[in-house]
Amino acid sequence: MAAAIGLNGAKLGTASSQAYLEGKAVKETKALMAELCRHFYSLGWVSGTGGSISIKVHDDSIPKPQQLILMSPSAVQKERMEAEDMYVLSDNGSVLSAPSPKPYPHKPPKCTDCDQLFMKAYEKRDAGAIIHSHGMESCLVTMINPFSKEFRITHMEMIKGIKGHGYYDELVVPIIDNTAHEHQLTESFTKAIEDYPKATAVLVRNHGIFVWGDSWISAKTQSECYHYLFDAAIKLHQKGLDWSTPNHGPIQSARRGLSIAGESNISAKARKDNGDIDPHPRCIVLDIEGTTTPISFVSEVLFPYARDNVGRHLSATYDTAETKADIKLLRSQVESDLEQGIAGAVPIPPDDAGKDEVIAAIVANVDAMIKADRKITALKELQGHIWQTGYANNELEGIVFDDVPEALEKWNALGIKVYIYSSGSRLAQRLIFGKTNYGDLRKFLSGFFDTTVGNKKETQSYVEIFQSLGVDKPSDILFVTDVYQEATAAKGAGLEVIISIRPGNGPLPGSHGFKTVKSFSDI
């Protein structure tokens, strides 16, 4: 264990650290764990000695990776646990303190069988706490479709309780297969964490769930939200409704006929060539500008509105955390632009130069960025926040082509999930589709991708999208765009591609080799 300084000045991992192990921080964390386990027992998460919990001992004087780790014991009635029953481990997993044996009928003390999995979550996610639940919802939800490697749900309020997610986002939780002993899950658990960097949980089929957070409060909150969402999915399934689509309509295609008990009455259409069930409908990923929406709307409405309202927006929101984050992002971008000699870049003075000076410099930079049509995150984030105000004040309304709403509704009814991938921020995308000339269309959209997954003209960006969606191969995804370079990049990742021909779109190279459509009704 790396030497760390405790509150008493002693180095942890040495004999002189005994005072720290018996100190206030450790004692309070032990007591907290016993209290939480009693609560989790009342929820049905840790009955029959199942389930477990681990929390790091928070101490501002010790770097988080080096903080002590507490774990609950194995095969113990969780609702009867006491503070002294907890194990204390070093940052590398070595046991520093173990509970004393108890008389018959208690078994000899043993640390949780999940210790290796907990250590992986601490190592790879810098977690502050992990909760392992055997709650019935987390078990049944993995059995609805015994072939699925993921649980997906969208458009549910409680998704907002999961770190990094909002109401309109699609929550994806990896599912790994159970083993006879929990420590045997370590390899598949680690792979799931690595393959799903945005996930804060891993489901174990026919078993339960592991949830981690920055602190015990975060882990507990998210665990409660996950169980709520699993329960909702089960109840929606029982009513024949699809929890994974935005409108939660009737279950379509392969999912119809699947019961919690297993497979029955599955259509031949839902099977792959080798006879295996394909649980995932085909996905469609749409560009916005020149595909769902006229280019003129972006160039003649949105961009001018953002450019004309930068100063007003910054002045009105200057002291908010959101605007401070926007300014920080822009300042970093401008510093990079100045180093590269980008035309139009002017230095943004430090905050102590005064609000008016900072805003004036930002206005000049943003104007140059918009005129150059730069696809950079710093600009897109600020634009999104400016447009948000515009939509809220009824000064803006999103425009889509006449064929778009009908196509979205048709695809949704067929069980095809539709996503958006645009250079505009996810906020800007949701704003466009949330208030259009045809009303709120977000109910037909399963998720949004922006340049945080990569540049739209780079193949790796589409690889990232494929790896984020619940399909077996890239060709299960259809990408529709008006830009030849984007089409080429997507094709390079193995996606199916169609180029959108709309009024005002730019010319395409001769013999480009892609199928084209003038209306979504042709798809």
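Note that Cβ sites are derived from N, Cα and C of the backbone, with glycine treated the same way.
Here's what TrEMBL has on this protein:
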ACT_SITE  Glu157  active site, proton donor/acceptor
BINDING   Cys114  substrate 1 binding site
BINDING   His132, His134, His207  Zn(2+) binding site
BINDING   Asp287, Glu289, Asp482  Mg(2+) binding site
BINDING   Ser422, Ser423, Lys456  substrate 2 binding site
DOMAIN    31-234  domain 'Class II aldolase/adducin N-terminal'
REGION    1-242  region 'Methylthioribulose-1-phosphate dehydratase'
REGION    284-523  region 'Enolase-phosphatase E1'
Given the binding-site residues Cys114, His132, Asp482, state which is nearest to Ser422 (substrate 2 binding site) when distance is taken between Cα atoms.
Asp482
Which one is closest to Ser423 (substrate 2 binding site) in space, judged by CA to CA distance, out of the binding-site residues Cys114, His132, Glu289, Asp482?
Glu289
Near His132 (Zn(2+) binding site), meaning Cα within 10 Å, which of Glu157, Asp287, Glu289, Lys456, Asp482 (recorded positions)?
none
Name, in the order they occur in the sequence, the residues of the same chain whose CB lies under 8 A from the CB of His207 (Zn(2+) binding site) and which sit 6 or more residues away.
His134, Cys139, Thr142, Asn178
Sequence gap of 6 or more, C-beta under 8 Å: which same-chain residues meet both conditions with respect to Lys456 (substrate 2 binding site)?
Asp287, Lys375, Tyr421, Ser422, Ser423, Thr481, Val483, Glu486, Ala489
Taking the Cα atoms as reference points, how far is Glu157 (active site, proton donor/acceptor) from Asp482 (Mg(2+) binding site) in Å?
34
Would you report the average pLDDT that the model assigns to the region 'Methylthioribulose-1-phosphate dehydratase' (1-242)?
91
Within 8 Å of the Cβ centre of Asp287, Glu289, Asp482, which other residues of the chain have their Cβ, at the recorded Mg(2+) site?
Ile288, Gly290, Thr291, Thr292, Thr293, Ile295, Ser422, Thr481, Val483, Glu486, Ser500, Asn505
